[in-house]
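The structure appears below as structure tokens.
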Amino acid sequence: MSSIKIECVLRENYRCGESPVWEEASKCLLFVDIPSKTVCRWDSISNRVQRVGVDAPVSSVALRQSGGYVATIGTKFCALNWEDQSVFILAMVDEDKKNNRFNDGKVDPAGRYFAGTMAEETAPAVLERHQGSLYSLFPDHSVKKYFDQVDISNGLDWSLDHKIFYYIDSLSYTVDAFDYDLPTGQISNRRTVYKMEKDEQIPDGMCIDVEGKLWVACYNGGRVIRLDPETGKRLQTVKLPVDKTTSCCFGGKDYSEMYVTCARDGMSAEGLLRQPDAGNIFKITGLGVKGIAPYSYAG
């Protein structure tokens, strides 16, 4: 077993860092700060951060095959041109729910951009329940709605053979799986593959490794956990020096490093003194397993 090292690589005290995505071409980590309405790009070589401000809470960002990025901003699927910082609306959802916003999102192996919604929080994880839905933006910019009655739409990823879709609705305290039909993007046969332990707290962002195991960031749990979705067993726990771990992705050399985002919103002054790195970006090395490259939106 290699020795695990946890390093704080970016000290910017983001309010709610989320949706980390590694861009291999630029050796950059993309992520968002949701309440600050900011998309960030950290250059791992120069250690510089670039930012683009948008007009509403931005909850996820993803790569785009034709260049630039896509992002979920408010209740809009958007294209983001990094060079001139312009934002172009591709589609809108939940137009009848003025209090909703998107949350986590990710691109599937066929280039569709999946993302779900939730009601705006009055405090972290405090909100009107069952207001959200799960959607995907197809390459032709059409939108498919999969289901509603979602509390906090969160982590998502696909099995290595693309036949299973993994999904987290945070307040269910479970990681769920669906049968996945890649050609059509249809999902079916929902079941639970992992139930959170009490001390693991709230399941948030998620990613998959080359062995098909899932990594879940535990909000208020201060850790990422590695799960076997076939057995429902937890295989590994990596604790971080902050409680509000929000999401994780693999990146860096051969996708052998894990990047973890976290939040500081909702913490007391005393809590912030105790955890000065709250809201920063962490890199974990020595996990002994690699991740896979993120998919890019095909539209």
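The backbone N, Cα and C atoms fix where each Cβ goes, glycine too.
What you are looking at is a predicted structure, and each value in this text was computed from that prediction instead of being measured.
Per Swiss-Prot, divalent metal cation binding site is recorded for GLU18, ASN154, ASP204, and the stated evidence type is similarity to another entry. What Swiss-Prot records for ARG101, ASN103, GLU121 is substrate binding site, and it gives similarity to another entry as the kind of evidence. The N6-succinyllysine annotation in Swiss-Prot covers LYS144, LYS244, LYS253, and the record cites similarity to another entry as its basis. Annotated active site, proton donor/acceptor per Swiss-Prot: ASP204, in sequence order, evidence recorded as similarity to another entry. Sequence annotations record features per position, and here Swiss-Prot assigns phosphoserine to SER268.
Annotated features, which come from Swiss-Prot, shown on the structure.
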residue	record	CB count, 10 Å
GLU18	divalent metal cation binding site	25
ARG101	substrate binding site	22
ASN103	substrate binding site	26
GLU121	substrate binding site	17
LYS144	N6-succinyllysine	15
ASN154	divalent metal cation binding site	30
ASP204	divalent metal cation binding site	29
LYS244	N6-succinyllysine	28
LYS253	N6-succinyllysine	11
SER268	phosphoserine	8
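Residues ARG101, ASN103, GLU121 are the ones the record ties to substrate, and the longest Cα gap between any two of them is 11 Å. Of the recorded residues, LYS253 (N6-succinyllysine) and ASN154 (divalent metal cation binding site) place their C-alpha atoms 27 Å from one another. Comparing GLU121 (substrate binding site) with ASP204 (divalent metal cation binding site), their Cα atoms are 15 Å apart once rounded.
Cα separation, ASN103 (substrate binding site) to ASN154 (divalent metal cation binding site), rounded: 6 Å. Nearest Cα neighbour of ASN154 (divalent metal cation binding site) among the listed recorded positions (ARG101, LYS144, LYS244): ARG101. A straight line from the CA of SER268 (phosphoserine) to the CA of ARG101 (substrate binding site) spans 25 Å.
Cα-Cα distance from ASP204 (divalent metal cation binding site) to LYS244 (N6-succinyllysine): 10 Å (rounded to the nearest whole number). The Cα of LYS144 (N6-succinyllysine) lies closest to that of ARG101, out of the recorded positions GLU18, ARG101, LYS244. GLU18 (divalent metal cation binding site) sits 11 Å from LYS244 (N6-succinyllysine), taking the CA atoms of both as reference points.
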